[in-house]
Structures are given as structure tokens and as C-alpha cells.
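So the structure is just underneath, and the comments pick up after that.
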Amino acid sequence: MAAAAKPSNLSLVVHGPGDLRLENYPIPEPGPNEVLLRMHSVGICGSDVHYWEDGRIGNFIVKKPMVLGHEASGTVEKVGSLVKHLKPGDRVAIEPGAPRENDEFCKIGRYNLSPSIFFCATPPDDGNLCRFYKHNAAFCYKLPDNVTFEEGAMIEPLSVGIHACRRGGVTLGHKVLVCGAGPIGMVTLLVAKAMGAAQVVVTDLSATRLSKAKEIGADLVLQISKESPQEIARKVEGLLGCKPEVTIECTGAGASIQAGIYATHSGGTLVLVGLGSEMTTIPLLHAAIREVDIKGVFRYCNTWPVAISMLASKSVNVKPLITHRFPLEKALEAFETFKKGLGLKIMLKCDPNDQNP
């Protein structure tokens, strides 16, 4: 009787600008505090595409082959000797950022700001668009039975929305402006509504995406064309009947940031989520004399348990955001689909024996 074939670890690897390959990597062995995961669902993020097209994002440069992917869920295959809270067969969502040391940022609970943090698919750290992947067990969270693998993978972008709404102080009764109806804008809309926002208006260039925003809960939408930032602000105020207390900017576009400052209520908060140019001209005086606080967002921290609770309780529904699914073997086709701007969230299915949501 022939021996069973050893499982392969097919992985999606970027070698440099425009050079994306499917390759077989060795199956890693988990350390004492790690788990080996059989990957199931991994979403494609804009950052993955940037590394593919440009080979870099800012100072993060692909200098050696790197496995992509960081929006992920999977099943525990093997546990390290010191892992007590997980066992083989557990379904988990993966928080991609795991601190390497207990530095000053970890001590105050803001580990996302740690300069030495491990983060999936950020050079030089490999991601998890592969069959098998090992990760710090403390940053793998068990999924309830009523939360699917795909919902588990969506916790990563959902966490950006949670962190942004926390930074903005979104609470009961607030009017909120969300600039941008891409995946991050959409999850921010969902979180703002779940946190008690009375009205949320979403702006975007795309009528199709704004239609989806209305479908998932936006109270108001505004399609942008060639208006000035001041005109956009006036239109937002006209729709809401007042200026929003919180604006969450998810595009990174300079004109959108400017509109956000003009639009936000005096004493309110503008949260910058989208990453654009390093240098951007903004009407800072207009923010200063009206005490509009401008806050940044870098990834997230302490969000996975909250996100899991929101999904399990059906406080948010991320399923409508998933528009395309591809097996890992067709990852190159999936990335081309993303590049063409088709769909919203594209999922890659990494387990050849389980392509279900």
C-alpha cells in the first residue's frame, strides 16, 4: 500500500514589483508558543496589491520573496508545547500583528505602535496566503460555531473600522461622515451604526459602491464628482441638517481630507484611516480655530474579541461585502480581478478540501 502523499504548502509569493508567483514552501514547525494552522479563507487587501505592483509601501520594501496575505482564518493543525487555550481542530481568526517584545507601547495596550511588531505580509515578515502557516497562539482567537471562516477573515478589516470609530469617539446619537465606500469605508459604516450612530452619510466617486453602502445600512450617500472640498462639506451638511460630529476619512485623497476638515462640526473629530501622499496640503487653520481634532489610525489593537462578539451576536453583517471567491490555485486571477476594480472583497480559499464560506 502506497504511503499517503505529504501535503504541500502552496503559497502566494511576491518577489518584487510585478512578480507574483505560486510556489511550494516547507510546512513550518510551530514553536512552544505558536500554533500551526491549516489556512481556510484569506481576503485580498489593497496592501497586498501594492506590494505586488510596486514592491513597496513607503519604507516597507520587498527585498526578498515574501508570502502575501493578512486577512485570515484557519484551523489549528498542531499546537506548541506551551499553548493551553487552543487544540487541534479549533477554528480561529488570526490577528496579523503580534508584538515581538513587551515594550513601552505594549505596556499601555497600544501594541500596534510597537516599531518591532511582527505583522503578516509586511516586509520582511511572511503572510498567510498559503496552505499552512504558523502564528503566535496568543493572537489566534477561537471562532464561535455561528461565525464562518470568511467572517473570521473579515475581522481584520472590521478591526480597522472598530479602531477608527473608537478613535473618533463614535457613540449614541452621533452624526457620522464616512469618506470612501471601499471595504474599509463599508466596515466603518457597519461599526458606526452598531456603536449607536444616529445617521451615517457615505461619500464616494462610485455610484455602484454607494448603492452597496445604502444596502448595508448607510442612511445617506453622496456621489462625488468635481466639487470643491468646501462644496462637498456644504452638501454633507445639507443632507444631515447639520455638520457631523465625527468624520472618518478612508481614502487618503488630499481633497477628501480637506473636505473632512470643512465638513466636521466645531469641536468634533476627523479620523484619518486612508493612507495617501506623505505630504498633503490641508486647511489646518480651519481645524484649529474650530477645535476640530485630527487623529490618525494605524491598524488596530484590542479589537478581535469585540469583533467576534459583534459577528456572533449579529450586530454587524459583513457577508454582503464578499463578492468574489477563488481557490488558492487561481490566486493570480484573483489579484487581476482586484486590480480591475471588480467587486468589493475577494476571498481566496486555501484548503483544497473545503471551499465553503
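Backbone N, Cα and C define each Cβ position, glycine as well.
Because the structure is a prediction, the values reported are computed rather than measured.
Per Swiss-Prot, Zn(2+) binding site is recorded for CYS45, HIS70, GLU71. Packing around HIS70 (Zn(2+) binding site) is summarised by its Cβ count: 24 other Cβ atoms lie within 10 angstroms of its Cβ, all protein chains included. In the three-state DSSP reading, HIS70 (Zn(2+) binding site) counts as coil.
Around GLU156 (substrate binding site), the C-beta neighbours below 8 angstroms that are at least 6 residues distant in the chain are GLY43, CYS45, HIS70, GLU71, ALA72, GLU95, PRO96. The feature substrate binding site is assigned by Swiss-Prot to TYR51, GLU156, ARG299, TYR300, with similarity to another entry given as support.
Within the same chain, residues at least six positions away from GLY274 (NAD(+) binding site) with a Cβ under 8 Å of its Cβ are CYS179, GLY180, ILE184, GLU249, CYS250, THR251, GLY252, ALA253, SER256. What Swiss-Prot lists as NAD(+) binding site is ILE184, ASP204, ARG209, VAL273, GLY274, LEU275, VAL297, PHE298, ARG299, and the listing cites similarity to another entry.
Sequence annotations record features per position, and here Swiss-Prot assigns N-acetylalanine to ALA2 based on similarity to another entry.
Annotated phosphoserine per Swiss-Prot: SER211 (among others), in sequence order. If you draw a 10 Å sphere around the CB of SER211 (phosphoserine), it holds 13 other CB atoms from the protein chains shown. A helical conformation is recorded for SER211 (phosphoserine) in the three-state DSSP classification.
The phosphoserine annotation in Swiss-Prot covers SER225 (among others). Taking a C-beta cut-off of under 8 Å and a sequence gap of six or more, SER225 (phosphoserine) has these contacts in its own chain: LEU205. A coil conformation is recorded for SER225 (phosphoserine) in the three-state DSSP classification, outside any helix or strand.
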Cβ contacts within 10 Å for TYR51 (substrate binding site), all chains included, total 25
Please give the greatest C-alpha separation between any two of the NAD(+)-binding residues ILE184, ASP204, ARG209, VAL273, GLY274, LEU275, VAL297, PHE298, ARG299, in angstrom, as a whole number. 24
Whole-number answer please: how many Å between the C-alpha atoms of ARG209 (NAD(+) binding site) and TYR300 (substrate binding site)? 25
Distance between TYR300 (substrate binding site) and SER211 (phosphoserine) at the Cα atoms, whole Å? 28
Cβ neighbour count within 10 Å of ARG299 (substrate binding site): 19
For CYS45 (Zn(2+) binding site), what is the tally of other C-beta atoms lying within 10 angstroms of its C-beta? 24
